[in-house]
Every structure is written in C-alpha cells, then in structure tokens.
Amino acid sequence: MTVVPGDHLLEPEAAGGGGGDPPQGGCGSGGGGGGCDRYEPLPPALPAAGEQDCCGERVVINISGLRFETQLKTLCQFPETLLGDPKRRMRYFDPLRNEYFFDRNRPSFDAILYYYQSGGRIRRPVNVPIDIFSEEIRFYQLGEEAMEKFREDEGFLREEERPLPRRDFQRQVWLLFEYPESSGPARGIAIVSVLVILISIVIFCLETLPEFRDEKDYPASPSQDVFEAANNSTSGAPSGASSFSDPFFVVETLCIIWFSFELLVRFFACPSKATFSRNIMNLIDIVAIIPYFITLGTELAERQGNGQQAMSLAILRVIRLVRVFRIFKLSRHSKGLQILGQTLKASMRELGLLIFFLFIGVILFSSAVYFAEADDPSSGFNSIPDAFWWAVVTMTTVGYGDMHPVTIGGKIVGSLCAIAGVLTIALPVPVIVSNFNYFYHRETEGEEQAQYMHVGSCQHLSSSAEELRKARSNSTLSKSEYMVIEEGGMNHSAFPQTPFKTGNSTATCTTNNNPNSCVNIKKIFTDV
C-alpha cells in the first residue's frame, strides 16, 4: 500500500467547469471520450492521529535469529510497553531487513507475544527459569501489573511496601538504623550492632562453664538450686550482693543498654508504630532484653530480702533460656537469614503437608512395628507411643539405633518405613528450593550486575526526511512507522545526533543526550 500525502490528493474536476459527482453507470456519451480520464477515485482515508500505529499491518520480530510475525494492532493493545510504543521499538528496527531485532531469550518470547495476543495473560514457559523470565518481563516493559500476575501465578507472596517517614530528621534516623546499605554511618551502626549481639551470645555461653557458674552461684541442677537457696535464706546472705560487680553482669548490662537504645530509637523513628509493633523481628528484640530486666528486678528484690530465691532460681532458669533468641537478631543484618525466613514463610503450605504426611507415617509404622514385635519379649517396643520415637527417627533417615526391630516382620516394617520417609521428605523439596531461588535472586539482583552491550539498529535511522524516503523506496517498512517518524516521533530538533564509525563509513545516531541510546543495554543479575 502506498501512502499518498494529503496535499497531493487529486480533486475531481467537473466537465465544463462545473463540480459534481461523476456520471453514474460509466462515462456519458455527451461528455466526450475523455470524460473518464478527468476523474480518479480518492484513496482510502488515512487513520486518525491516535490510530496511525494500530493498523492491521503485519510486523516481523526477530528474536536472536528466530522470526515472529504478528499484527501491529496486536502490539498496540498495550501502548505503554516496549513493543506497543512505536517510539520505543523504533531503535530496534532494521529497515534493510524490514524487521525488529532483539538479542534476547528466544523461548521466553513465546509467552511475551502471547501476552499481547491474549490481552494480558502472562504464562511462563516450563523450560524457562523464573529469574530469566522475570528479566524478560522487565526488558519488554510489560509493567508492574504483569509482574504481579506472574508472581501470583508462580505462587509467590506479594512484596510488602516499606514506606519511609515523612520528616527529614526522622527519615535519616530510620535509614541509619534500618538500612545499613544507605550510608557509611549506617553501615558502621550495623557493624556495632552485630558485634554487640555476638558478645552477648558469647557471654551467654561462657557463663555456664563450671568455673564461672560457681562464681555466679549458677547451680548445676534443680536440686542444687533448692539446696543453695535454703542455705542462703538460712544464713541471711543475699545471693545477689555480688552480682552487680560480676564481669559477666557488667558486660551484659552494656549489651542491654545498646539493645534498648537501638529499639527505642527505631520505635520513635519508624513511619508506623502499629506496623513496627507487629513485626516479628521487633518482637524478638523485645523478648531478647526482657530477661535482663526480670533478672535485675529479682536481684534487687532478693537484695532487700523480699524475694523467694527457691522459686526465683527455677523461674530465672527458664527466663535466661529466652536470651538465646538474641541470635535471631543477626537476621536483621544478614540477607541469608532473611532469605531463609522468607523461603520458609512462602513454603508454609508445603511444610504443613510434609508434617501431615510424617504424622500419618509415624502412626502407621509405629502401630505396625508394635504388633510385629509384640511376640518377642526382648523387643523394646512396649507400646505404640514408645514406637513413635523409632518411627520419627527412621522416616527422617537419622537412625540412632537406640530402638530397633529384631523380628523378621519388624525388619520388613522398618525397611518400608525408611523408604516411605525418603519419599515423603523428597516431595516438597523442589518447591522449597524454587522459592529459595526466587527470593535469593530478588534480594541480590541489585548487588552484582554485569552489563554487556550489543549493536542496535539506530545507525540505520536518520531524522532527515530525504533519507527516510530513500529507505522507504528500498524496503517495505510499514506506513505506520514512517508516519510516526515524519510526524516528529524521531524529531531532529528533539534528539541531537552523534556520528560514529561503522567500518569505513560514518553513520548518524540519535542520542537523546545519552551515549548508550544507540545500543541495547541488558543487565544480567548474577549471584555470588
């Protein structure tokens, strides 16, 4: 189809100087034999300005050597995408071959093209990894809605928005304590916090050694708790008199001061107090410092002679155990632990099924081994509940050996139990690994990037109308694309030109103040 400019359309000329429609039924005899040559039919009306790019013409898309063909109106359903916007896709056009060339993943484009053909349905091909397909969605600029649909179809959780405080000072403080990568001081605060956590964990472990436990009056057994409590209450010597001068207590106090300061600062600087209070990591921070204040209150009460030490030591033994949860504070500064937590959270359904299958297997095989071993007096399976431990150890392939079947029937049941355990545990593993890979690439995609550039096709383009007409005569570029260029889509005044050499000749490329606009830049996110 030839595009005829509007100012060159032929107007009908009426015979004898009069205007009107040509005679119906052919040229009249009275008008002369040349009457038919004076009238030419008008060409079809050109599309409106908003419909120029959505004609029914076909377009060829070359993906790393594999050619796809579709209609322009199919691509124009999504004008905000790379293929749907003529200005965006023009830089990838090769007028010599009359096609768009993309050096991208070929299997992924089947799903990308189906997205346009189906009106917005996105489906990942089974032979394309999740991280590669998500990169293709970003490259073709399908938008956040398509990305959310893709993640939802893959079974991933929606990413939670993390707003920042509105006030400048509050935002700076929040960034310092919540985002270690935001600045150097924030990284320094994170390092100090990690060191304090490690010191607290080391102190928690060292104070249980026998030599240090004696100094701190740390009983080795519950009976010794009561015995020493009775002696102290009889003699009237307060057990907490020397606790405040103990080195472990001093170091613990310094650690708690830092934990409390960090928690309070983050609480007052957070953008939402309600969200802060519901965060599991903040709850762990609170649980990590509560045992210290309970212990301190108990020590002060005993020092004044108002406490019941026999009861307090038993309670404090449990309270001190809670201090071990401080190790989870490291997950705030470790992306690996965060990824593991997100993976477990996203895989709760699979983990629930695993526990359910294990529960069924434990009941089944513990009952079977009990009845198989019931006739042997030397068997250790005295009841079905006693066999629960053996079934769990066998299905998880641990095999402590403290309980084992001795009869032929019991050994057969044990073999089946081990095989069933291997199959049960192996079933949800691929799903959990897939979730881990997704969260790992999502967390690390901004850290390690490698860029490579390949030559685009914009050296073939020129803003000169004369060169466009020459290219039109040598290729079959669709009229829609030329209309876009001629009407200012690639205007010379809006996009300055930069010459560059290709072989022995010099080509011209529009740069839009960006030296990389003439090449297709792809970011590959790698993991370490």
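Positions of Cβ are set from backbone N, Cα and C atoms, glycine also.
The region 'Disordered' annotation in Swiss-Prot covers 1-32.
The compositional bias 'Gly residues' annotation in Swiss-Prot covers 15-32.
The feature transmembrane segment is assigned by Swiss-Prot to 188-206 (among others), with sequence analysis given as support. When Cβ-Cβ distances below 8 Å are used as the criterion, the transmembrane segment (188-206) is approached by residues 176-177, 180, 212, 248, 251-252, 255, 258-259, 262, 320, 323-324, 326-327, 329-330, 332-333 of the same chain, each at least six residues removed from its ends.
Here Swiss-Prot flags N232 as N-linked glycosylation site, drawing on sequence analysis.
Look at Swiss-Prot and you will find 248-269 (among others) tagged as transmembrane segment, backed by sequence analysis.
C270 (S-palmitoyl cysteine) falls outside any helix or strand according to DSSP and counts as coil. Swiss-Prot lists C270 with the feature S-palmitoyl cysteine.
Annotated transmembrane segment per Swiss-Prot: 281-301 (among others), in sequence order.
Proximity of distant same-chain residues to the transmembrane segment (316-334), defined by a Cβ-Cβ separation under 8 Å and at least 6 residues beyond the stretch ends, is recorded for 180, 190, 193-194, 197, 200-201, 204, 222, 225, 281, 284-285, 287-288, 290-292, 294-295, 298, 341. Swiss-Prot lists 316-334 (among others) with the feature transmembrane segment.
What Swiss-Prot lists as transmembrane segment is 351-370 (among others), and the listing cites sequence analysis.
Feature annotation from Swiss-Prot assigns motif 'Selectivity filter' to 397-402; the stated evidence is similarity to another entry. The list of residues near the motif 'Selectivity filter' (397-402) in space but at least 6 beyond its ends in sequence, with Cβ under 8 angstroms from a Cβ of it, reads 418, 421-422, 425.
Per Swiss-Prot, the feature transmembrane segment maps to 412-434 (among others).
Residues or ranges marked as phosphotyrosine in Swiss-Prot (evidence: similarity to another entry): Y452.
Look at the motif 'Selectivity filter' (397-402): DSSP puts its residues at 0 helix, 0 strand, 6 coil.
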